[in-house]
Amino acid sequence: MSSNSWADVSESERAPSGGGWGYSRPSRTNYVPPHLRSRTPSSEFVAPSPGNNDRGGYGGANSGYGGRGQGYGGRGSGYGGRGGPVGGWNARSGGWDRRDTETNPFGNDGNADPAVNEQENTVINFEAYEDIPIETSGDNVPPPVNTFAEIDLGEALNLNIQRCKYVKPTPVQRNAIPILAAGRDLMACAQTGSGKTAAFCFPIISGIMKDQHIERPRGVRGVYPLAVILSPTRELACQIHDEARKFSYQTGVKVVVAYGGTPVNQQIRELERGVDILVATPGRLNDLLERGRVSLQMVRFLALDEADRMLDMGFEPQIRKIVQQMDMPPPGVRQTMLFSATFPREIQRLASDFLSNYIFLAVGRVGSSTDLIVQRVEFVHDSDKRSHLMDLLHAQRENGNQGKQALTLVFVETKKGADSLENWLCINGFPATTIHGDRSQQEREVALRSFKTGRTPILVATDVAARGLDIPHVAHVVNFDLPNDIDDYVHRIGRTGRAGNSGLATAFFNDNNTTMAKPLAELMQEANQEVPDWLTRYASRASFGGGKNRRSGGRFGGRDFRRESFSRGGGGADYYGGGGGYGGVPGGGYGAMPGGYGPVPGGGYGNVPGGGYAPYGRGGGAYYGPGGYGTVPNQGYGPGVASAWD
C-alpha cells in the first residue's frame, strides 16, 4: 500500500469535526498550530455511498472517552480545574477519593470480579505461543518471568489483571515486563495481537502507583502527566486508552486520551480534571503543547506504539519536537519504551536517538512456524478483482456458521477505491462499511463498532486500519490491492490469527506487484506456506534488492542493528564511512573520529573520552567505551546474554 493513506490520516487528524460530541460554540476562525500552517489542505471529501452499511445517524450523546462523572478526587487539589473539585497526585488526601465514583470499565454489575465483555475479550491460545523464538540483546538483561505474580505490580493492578481474564503472560509480556519493571529502556519487536499494550501499560501503571507522593506544580494552567503514550492513529489511541482504563481501574491512576478529529476544548476539559497517563496522537499532543495546556517536564515514562510507522511515515518531525525540543526530560532520566511488529534497521537507527542503554527484544511471529495464518496468493488481473472477491465471499458465506458472513477485512490502496468497493458490495447483497482518512472520527468509530458486532461483516479499509487495532474474530483478510512494502503486508495479515488463533489471508497479485514477488515468496516460505510456482518464477526474475523489501531478521520483525554494526567491525563493512565502524574514519564508531560513538577518540556514546551515553558520561567506558557495546574494553558486544528462549 502506498503512503497516501497515512498522509490522509495525518491530514484528517488536523481537521477536527464537531459532530456527535454534544458540543457547539459560536463560529470563529479555527486555531491552526504554527507547525501545521504551511500544510496543504486534504483532498476533497468523498460523499458517503448509499446501501446497507453503517452510515446512518450517530448517537452522539457520549461526551467522549473517559466519560462524565469520573471526578478526579476531593477538594483542595493542585490542578485548579474548572467546573468542580478535582484532585490527583498533587494532593494525595483527595486524589484517591475519585476511586469511589470512578466509572467501572468492566461493566456496571458492581461485583468484585466483573466480567469483561466476552465479545471483546479474545480468548488467547497460549499453546500456540509455546515454541515461539525470542531474542534479547543488550547489557544485563533481566530474566523473563512465567507468571504475573513473580513481579510486584501492586495489589490493585493484579486484581485488574484477573478481571481481564489474563491467566499467564504472553511471550512479549514475560520478557518486556521485567525489563521495564527494572527501569530499563526497551525496543520491542512483537507481532500485533501478542499483548504489547499490556506489556507497556502494566509497568507504567505500577511505577506510578509505587511513587505516590510525587509533587507537581500547583495553580498553573497546564497539566503535568507522568506518562505519555503515543500512537499513529486515533483508533489505536482510543484502543490503548480503553485498555489502560481497565488496567488502572481503582488504582488511583487517571488515563486520558487526546486525538485529532474531535473538538480540542472537550479534551482540554477532560485533561483539567487530572491526568497521570496521557494517550495521544502526535498532532494533537503538539497542538496541546503549543497552547500551553500540557507540560512534559514531569514525564517519567514515554511509550511509542507502532513506533516504526510513526518514524517512517512522516511523523518523525512531530515526534522529535515532542521528545527533544519541548520540556520532556532526556533519555536516562525518563524511561522510554518502543513497540512495534516490525523494526527495520534504518528505523532502529532513528529510534535509538530516543533511548538510553536500551535492551532490544524480538519475539518471533505467531504463525511463522505454524499454520495459524494460512496465506494464499492468487493471480488476478485488476479488471477481475471484484468478481474474484465476490466468489470468495460467496464461498465464505456458504461455509459460515448458519449462513452468516464471517468478519472479512479487505485492504485497498485509495480512499475513493474503498468507497467505490463498499458501494458495489452493498448493491450486490454484502453489507459493508469503510474506514479511511476522509471519514470523520465519529464515522470511523461507528464503522469499527458496526464491523466488530457483525452488523456489517465486511470492512473495506486503507492502511489506516492496518496498524495496531485489535479487532477480535477477523476470519479473513483480503489484500485486494497489495501494498508496496512487505512490512505493511505483515501488519495487514496480522489483523487475523490474533492472540494465537487461526485465520486466513488472501492476496491478489498481478503484474503491477512484481516488486513484491521476492519478499512475499520469502515470507511465505519462512511461514511454511505453500508458494505457487508462478510466484516463485516472478521472484526469481526480480532483481536483487528490488522493491521496498526492508525486512530482516527471518522469523522476527527485526533484529538488533547494533549486533550487525559491531560484529562487522571494519574492512568496508561500515554503514556511513569507509574502512570500519559507523564513522567516516577507519576503525571509527558513529562519530567522526576513531573509537566509538562520540566525536572524541575512544569516545563511547558521549563527547568525553571513554565516555558514556550523551554528555552525562553515562557508562563511563564500562558500557560504551573503546571497542563497542561490551562490558569489557575492546570486546565488541560483550559477554553472551543468557537465553530468553522458552
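The backbone N, Cα and C atoms fix where each Cβ goes, glycine too.
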Item to check | Which range of 146-174, 204-232, 233-261, 262-290 is motif 'Q motif', per Swiss-Prot | outcome: 146-174
Checklist entry - Which of these ranges is annotated motif 'DEAD box' in Swiss-Prot: 105-108, 305-308, 497-500? => result 305-308
Checklist entry - Counting only residues 6+ away from its ends, which parts of the chain sit with a Cβ under 8 Å from the motif 'DEAD box' (305-308)? => result 187, 196-197, 200, 229-232, 236, 240, 338-344, 347, 351, 467-468, 487
Checklist entry - For Ser194 (ATP binding site), what is the tally of other C-beta atoms lying within 10 angstroms of its C-beta? => result 27
Checklist outcome for this item: Between the binding-site residues Ala190, Gly195, the one whose Cβ has the fewest other Cβ atoms within 10 Å is Gly195
Next on the checklist: With helix taken as DSSP H, G or I, strand as E or B and everything else coil, how many residues of the motif 'DEAD box' (305-308) land in each class?
Outcome noted: 2 helix, 1 strand, 1 coil
Checklist outcome for this item: Densest Cβ environment (other Cβ within 10 Å) across the binding-site residues Gln191, Thr197 belongs to Gln191
